[in-house]
Each structure stands twice: as C-alpha cells, then as structure tokens.
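S.K.: The following block contains the structure, expressed as structure tokens.
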Amino acid sequence: MALRFPRFSQGLAQDPTTRRIWFGIATAHDFESHDDITEERLYQNIFASHFGQLAIIFLWTSGNLFHVAWQGNFESWVQDPLHVRPIAHAIWDPHFGQPAVEAFTRGGALGPVNIAYSGVYQWWYTIGLRTNEDLYTGALFLLFLSSISLTAGWLHLQPKWKPSVSWFKNAESRLNHHLSGLFGVSSLAWTGHLVHVAIPGSRGEYVRWNNFLDVLPHPQGLGPLFTGQWNLYAQNPDSSSHLFGTSQGAGTAILTLLGGFHPQTQSLWLTDIAHHHLAIAFIFLVAGHMYRTNFGIGHSMKDLLEAHIPPGGRLGRGHKGLYDTINNSIHFQLGLALASLGVITSLVAQHMYSLPAYAFIAQDFTTQAALYTHHQYIAGFIMTGAFAHGAIFFIRDYNPEQNEDNVLARMLDHKEAIISHLSWASLFLGFHTLGLYVHNDVMLAFGTPEKQILIEPIFAQWIQSAHGKTSYGFDVLLSSTNGPAFNAGRSIWLPGWLNAINENSNSLFLTIGPGDFLVHHAIALGLHTTTLILVKGALDARGSKLMPDKKDFGYSFPCDGPGRGGTCDISAWDAFYLAVFWMLNTIGWVTFYWHWKHITLWQGNVSQFNESSTYLMGWLRDYLWLNSSQLINGYNPFGMNSLSVWAWMFLFGHLVWATGFMFLISWRGYWQELIETLAWAHERTPLANLIRWRDKPVALSIVQARLVGLAHFSVGYIFTYAAFLIASTSGKFG
C-alpha cells in the first residue's frame with residue numbers, strides 16, 4: 001500500500017476517518033511527536049527550517065522593493081514626500097467598472113493603485129535610497145540572500161553537514177555567535193551604512209559603489225579615531241534650518257548627541273541614530289566575548305547559574321539546576337525567545353510613533369496609525385505564544401528531581417499565591433474602572449456632567465515632568481532649571497530633548513488627564529487578566545487539586561471521560577485559547593486609545609478626547625460610531641470612492657469574526673450529526689455520488705473546533721479594525 005499522509009505518524013496514517021487529515025496537519029510541526037524522531041534529528045530539523053524561514057523573509061522583502069520599483073512612484077515621492085502619496089503596487093484587475101478605475105487612480109499613477117501605509121518609502125528614503133534602480137538592486141540582492149538561505153537549509157539536511165547535538169547545546173558558543181556575530185557585527189555594519197551612505201544622502205551627496213571609496217564620510221577621515229579626539233566627529237552638526245536631502249544647512253558631523261527632532265522631517269537626527277547603533281555594536285561585541293568558548297577564558301554559564309544562590313535562603317537553591325533544564329528544553333528556550341521578542345515588538349510600536357526614526361513618517365498619519373496597531377497585535381500573539389511554550393515545557397521537559405527547591409520549583413510550590421494575587425488585582429481593576437466609567441455614564445445620561453468622578457493622573461504627570469515636560473508646573477528633575485541633571489545635559493542633548501518634549505505637535509509625552517487615567521486602568525485590567533489566564537495555564541499544566549495527573553494527558557485534551565467530572569476545559573491549551581480572547585480585547589483598548597487620542601491631536605481638537613473619553617458612551621459614540629461613517633459610506637447610490645475597498649473589508653471582517661462564534665458555541669455533537677446528514681445526502685444524489693472518499697467523515701474534536709473558532713474570531717477582529725483604522729484616518733488626512 002502506498003504511504004498515506006501523514007508519513008511521520010503510522011498510527012495516524014492508518015486511521016480510517018478524516019481525523020487522519022486534521023490531526024496530521026495539526027501535528028505536522030510537532031517534530032517531537034513524530035515516529036522515529038531522535039533528539040539529534042529534532043534539533044537538525046528545527047535548525048534547517050530556520051533557513052527556510054529566512055528565505056521566505058528575504059523573498060517577501062525583495063518583493064516589496066521590486067513592486068515599488070516596478071509599479072510605485074518612489075522617485076516622484078522623493079521630490080515631495082509630504083504631498084505625493086506613496087504607491088504600494090498597481091491593481092491589476094479593478095472590478096466594478098469605470099468609477100472604480102477613477103477612484104483608485106491616484107498618487108500620479110496612470111491606472112488604479114494601492115497606497116502604501118507601511119512606511120517603507122520613508123524608511124528607504126532615510127537610509128539613502130533615491131532611485132528605482134536602487135530599489136531594483138536591493139530586490140536582487142535580497143533574492144540572492146533568499147536563495148543562499150534555501151541552499152543553506154538544504155545543505156544542513158545532508159548527512160555530511162548535519163550538526164551534532166553537542167554543537168546545538170554549546171550555549172557559550174551560541175551566545176558568542178548571536179551577541180557578537182549577529183547583533184554586534186550587524187549593528188556595526190549598519191552604523192557603517194548610515195555614516196557612509198545615509199548621512200551623505202541626507203546632505204545631498206549620492207554615495208554608491210562607484211564612488212564609495214572616494215567620498216570621505218567626514219572631512220578628517222579616520223584621523224580623530226586614531227588620535228583619540230572622537231569629539232571631532234560630533235562637531236558642526238546639521239543646523240536647524242537643514243533641508244533633508246540637500247546640502248542647504250547641512251553640517252559635517254557623523255556621530256552626535258543632539259537630542260530631539262530634525263525640525264523639517266520631525267524625525268530623530270540621523271547622526272544621533274548612527275551614534276546609537278555604534279554604541280549598541282560596542283556593547284554587543286563586548287557581551288559576546290564574556291563567555292568561555294574554545295579558549296578557556298571567560299564565564300561558564302553553568303558555573304554562573306550554579307553560583308546564583310541568594311544568601312538569605314528565601315529563594316532556596318536559587319538558580320541551581322537551571323542550566324541543564326533550559327539547555328535541554330527547546331520549549332523553555334522558545335518561551336524565553338518569544339517573551340523577549342514580544343516585549344521588543346511592543347516597544348517598537350511605542351517608540352516608532354513617539355520617537356520616529358524615519359524622515360517625514362511623523363506627518364504620514366495613516367502610516368503611523370497602521371504601524372502602531374500592527375506591531376501591538378504582533379506583540380500580543382508572540383507574548384501569548386511564550387506562555388504556551390512555557391506550559392508545554394512544564395508538561396514535556398520539566399524534571400522535578402533536577403530542579404529541587406530552585407526558583408522554578410518554588411514558582412510551582414507557591415502557585416496558589418501567585419494565581420490568587422493576579423485574580424485579586426484583576427478583580428480590583430475591573431470593578432473599580434468599570435464602576436467609574438458607568439458612574440460617569442449615568443451622570444451624563446441625567447444631564448449632570450459636573451458630577452462625574454474625574455481623577456487627574458498626578459503620578460504619571462509627575463513622571464512626565466521629571467523627564468522635562470513643563471506644562472504641569474511640577475518643578476522637578478529635568479523640568480527644574482537649577483537641578484544637577486539639567487545642568488549636566490545642558491551642553492549636549494538636553495536642549496533638543498526639552499524642545500521636543502514641550503512641542504505640542506509631536507507624539508512625545510502627550511498631555512494626559514482623567515480620560516487617560518481611566519483607559520490606562522482599563523488596559524491594566526486587560527493585561528492582568530490575560531496574564532492571570534496564561535500564568536494559571538502554565539503553573540497548573542502539570543496538575544492541580546482537581547486533576548493531579550494532568551501532565552499525563554499532554555498539552556491539549558478535551559475532557560477526561562466519564563467519572564471525572566469537571567476535567568473539561570482545564571488543559572494548558574484551553575488557558576492559552578481563553579487568553580488570546582483577552583489579549584485581543586486588551587489590544588483593542590490600547591489601539592482605540594492610541595488612535596482616538598492621535599486623531600484629535602492631528603485635527604487640533606484635543607478637547608473632544610478629553611471630554612468624551614471619561615464615559616463609555618463617549619467611546620462608543622464619539623470614537624467608534626463617528627469614525628465609522630467613512631466605512632458606512634464606502635459605497636452608496638452615487639457609486640464608488642477610494643474608501644470602498646475598506647468599507648467592503650469592514651463588512652467582510654465582521655462576517656469572518658461572527659463565523660468564529662459558530663464554532664465556539666456549537667460543539668462536536670452538532671457537527672457530527674450535520675456531517676452524517678450531509679454524507680447521507682451526498683451518497684444518494686446522482687452525479688455527486690460518483691465522488692467517493694476513503695475516510696469516514698468525522699467532526700472536528702472539541703479542541704480543533706475551538707482552534708477554528710479562535711482563528712476566525714482573531715482574523716475577523718483584526719480585519720475589521722484594520723479597515724476602520726485605515727479608512728477613518730486616510731479619509732480625514734488623505
């Protein structure tokens with residue numbers, strides 16, 4: 001008999017039902033569960049798949065460059081970044097006739113196009129690209145990298161090139177390679193690009209391979225570096241009247257600490273950015289050389305962790321046993337990596353708008369909104385994934401003997417205290433925040449808005465003042481002109497920073513009031529509840545009072561059969577599943593808050609946010625309803641407009657989102673009955689009954705149906721908000 005799918009599991013391949021297909025897809029990437037898997041093959045498979053991932057990323061970014069070069073308007077955008085709308089790519093086949101063609105022909109294009117809200121134009125412009133030829137060259141280079149990655153992936157699956165397990169578990173060498181080799185060297189290389197290409201480009205000098213060796217990035221060359229007069233590289237920076245991309249008002253400095261923003265582009269000074277990357281490179285190059293590799297010098301990670309025993313005794317045996325636990329568990333390592341990446345992605349969202357690095361991106365409001373929202377959602381999914389793999393670690397990889405009385409074991413020992421504290425925090429935040437909102441709603445409903453409970457966020461305002469914001473009148477730290485902090489920075493970065501933080505047209509340290517106080521606590525509620533569900537799922541993954549042998553059932557199980565009531569919905573997977581809803585909920589509040597506050601800031605009517613954000617009806621009426629008018633008007637009796645596609649996506653997103661509930665509410669029995677009825681009808685219908693299947697149709701398991709429901713809910717939720725965000729912002733600001 002021919003090998004049936006899935007080849008990695010003979011047990012599943014012989015299953016006579018459609019379960020074979022669905023379980024096969026579900027476990028395709030769970031290499032640990034495959035037949036004949038060894039630890040060595042597991043590591044090699046994962047390692048090789050990383051190269052495939054890199055190849056896809058390079059191919060995708062190459063496609064971005066290629067399509068903009070081919071169908072975009074990069075060269076005309078470069079001439080006037082503030083008024084030309086950047087084109088992402090052409091629309092091949094515009095449906096709905098002539099009105100659609102006219103509606104989508106914009107940005108100086110000859111036919112229908114999509115506008116780019118990704119910020120790539122601003123990024124490419126800032127790093128020194130100027131022509132379509134530059135874009136094509138970049139696309140070809142990335143295509144080359146993509147094919148190299150694919151080749152490397154294939155190569156590392158060949159017997160001669162397969163690394164051994166000991167190579168994968170050599171933690172110090174991996175740290176050396178990642179910290180120094182990847183982060184350190186790439187940061188240094190990026191500094192080099194900024195200094196040699198981007199900064200001259202911002203001063204109107206076009207540096208390419210043909211003149212790269214002739215153009216000195218700094219008039220004094222490498223002299224100051226070798227004589228130790230590094231401060232010369234910071235002298236004569238660009239002036240405040242500098243026109244980006246030209247020599248008008250340009251200086252000669254390459255590494256500065258000016259602080260604040262370039263007045264024309266409203267983005268960080270490129271010379272400050274180069275300085276930052278050089279510092280990062282230095283730190284990582286040093287960090288990567290601190291651990292003992294082939295030369296017998298430096299720290300051993302194992303020795304470090306074994307020595308970490310707090311003397312007070314309150315943390316037991318401290319970090320003893322952690323080295324082997326982490327180094328032998330791929331899930332623990334993945335959990336750590338995802339947690340770090342999730343935090344970084346959220347930080348990227350926060351910093352991209354408050355400290356924009358790319359020229360003119362701060363004035364492209366739709367792009368700012370899209371990038372913030374995109375990065376926050378990505379961060380949410382990555383963070384929940386971190387806890388999922390943390391739970392899988394506890395089920396598959398945790399060894400109690402190896403971790404006796406260390407910090408990991410102690411987390412499990414006092415999990416009741418952790419979970420109940422999180423529960424208490426969530427309840428406190430939820431009841432008090434909702435109570436304040438609802439009280440304010442009632443006061444407005446009865447026509448007595450002056451009876452609202454409005455709380456000034458004085459602690460947050462004090463923190464903003466400490467960073468130099470003067471409008472609140474706190475005379476503290478950087479907002480006090482006679483303190484040591486103020487005097488220390490006055491000659492370098494401080495004037496630029498103070499100018500930026502007290503300027504009302506950017507997004508740096510926005511003025512906050514009672515509406516911000518309330519939504520801050522609503523978001524805190526969402527964060528604590530999401531954390532509660534995820535932490536409980538991981539800490540109870542091995543077992544609980546209700547089900548002490550839970551770890552024997554694996555990561556996801558629906559229920560444990562008759563006679564053990566209450567064991568439904570308590571697998572670690574169920575906790576992850578529930579937490580994703582709360583994560584989406586929380587990021588909804590975060591993005592609503594960000595978007596509404598910024599819309600009013602950009603339109604110059606900040607009072608709308610300040611007055612309406614203190615009660616729920618204000619959010620529903622003055623943010624959601626008021627800003628969805630563009631979507632509801634996307635097509636009307638007078639034909640189409642350029643927002644029609646978003647109006648359609650808004651409806652379609654709602655549809656996908658609502659479909660999720662169908663899977664979330666009706667469970668396995670319903671689908672099984674439905675499928676059997678459909679199969680019966682199929683077999684008795686002429687022509688249709690000529691098509692037969694080998695597998696007996698079986699409904700999805702409860703766990704799978706929940707996954708399908710969750711996927712529809714998440715995708716629909718994000719599609720709906722993406723359409724709302726882009727249409728309402730671009731409808732106002734073009």
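Even glycines carry a Cβ here, placed using N, Cα and C.
According to Swiss-Prot, the feature [4Fe-4S] cluster binding site maps to CYS559, CYS568. Per Swiss-Prot, the feature chlorophyll a B1 binding site maps to HIS654; the stated evidence is sequence analysis. Annotation source Swiss-Prot lists chlorophyll a B3 binding site at MET662, TYR670, citing sequence analysis. Under the heading transmembrane segment, Swiss-Prot lists 46-69, 135-158, 175-199, 273-291, 330-353, 369-395, 417-439, 517-535, 575-596, 643-665, 707-727.
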S.K.: As a test of the contact definition, list every same-chain residue at least 6 positions from the residue listed as 'chlorophyll a B1 binding site' whose Cβ is closer than 8 Å to its Cβ.
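M.R.: The answer is GLY716, THR720.
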S.K.: Using Cβ distances below 8 Å and needing 3 or more such pairs, separated by at least 6 in sequence, tell me whether the transmembrane segment (369-395) contacts the transmembrane segment (417-439).
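M.R.: Counting Cβ pairs under 8 Å, fewer than 3, so no.
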S.K.: In terms of Cβ proximity under 8 Å, which residues at least six beyond the ends of the transmembrane segment (417-439) contact it?
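M.R.: For the transmembrane segment (417-439), the list is 411, 452-453, 455, 518, 521-522, 524-525, 528-529, 531-532, 535-536, 539-540, 614-616.
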S.K.: Under 8 Å, at least 3 Cβ pairs, sequence separation 6 or more: does that hold for the transmembrane segment (707-727) versus the transmembrane segment (175-199)?
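M.R.: Taking Cβ pairs at least 6 residues apart, the transmembrane segment (175-199) and the transmembrane segment (707-727) are not in contact, as fewer than 3 fall under 8 Å.
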S.K.: When you check the transmembrane segment (575-596) against the transmembrane segment (517-535), do you get at least 3 Cβ pairs under 8 Å, counting only pairs 6 or more apart in sequence?
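M.R.: Between the transmembrane segment (575-596) and the transmembrane segment (517-535), contact is present.
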S.K.: Determine, to the nearest whole angstrom, how far the Cα atom of CYS559 ([4Fe-4S] cluster binding site) is from the Cα atom of TYR670 (chlorophyll a B3 binding site).
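M.R.: For CYS559 ([4Fe-4S] cluster binding site) versus TYR670 (chlorophyll a B3 binding site), the Cα atoms are 17 Å apart.
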S.K.: Same-chain Cβ contacts of the transmembrane segment (517-535) under 8 Å, 6 or more residues past its ends?
M.R.: 384, 387, 418-419, 422-423, 425-426, 429-430, 432-433, 436-437, 455-457, 460, 575-576, 578-579, 582-583, 585-586, 589-590, 593, 613-614
S.K.: Hey, which of 135-158, 273-291, 330-353, 643-665 has the most Cβ-Cβ pairs under 8 Å against the transmembrane segment (175-199)?
M.R.: 273-291
S.K.: Counting across all protein chains shown, how many other Cβ atoms sit within 10 Å of the Cβ of MET662 (chlorophyll a B3 binding site)?
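M.R.: Summing over all protein chains shown, MET662 (chlorophyll a B3 binding site) has 14 other Cβ atoms within 10 Å.
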S.K.: Please indicate, using numbers and ranges, the residues of the same chain that are 6 or more beyond the transmembrane segment (273-291) and have a C-beta under 8 Å from a C-beta there.
M.R.: 171-172, 175-181, 183-185, 187-188, 190-191, 194-195, 198-199, 234, 254-257, 298-301, 357
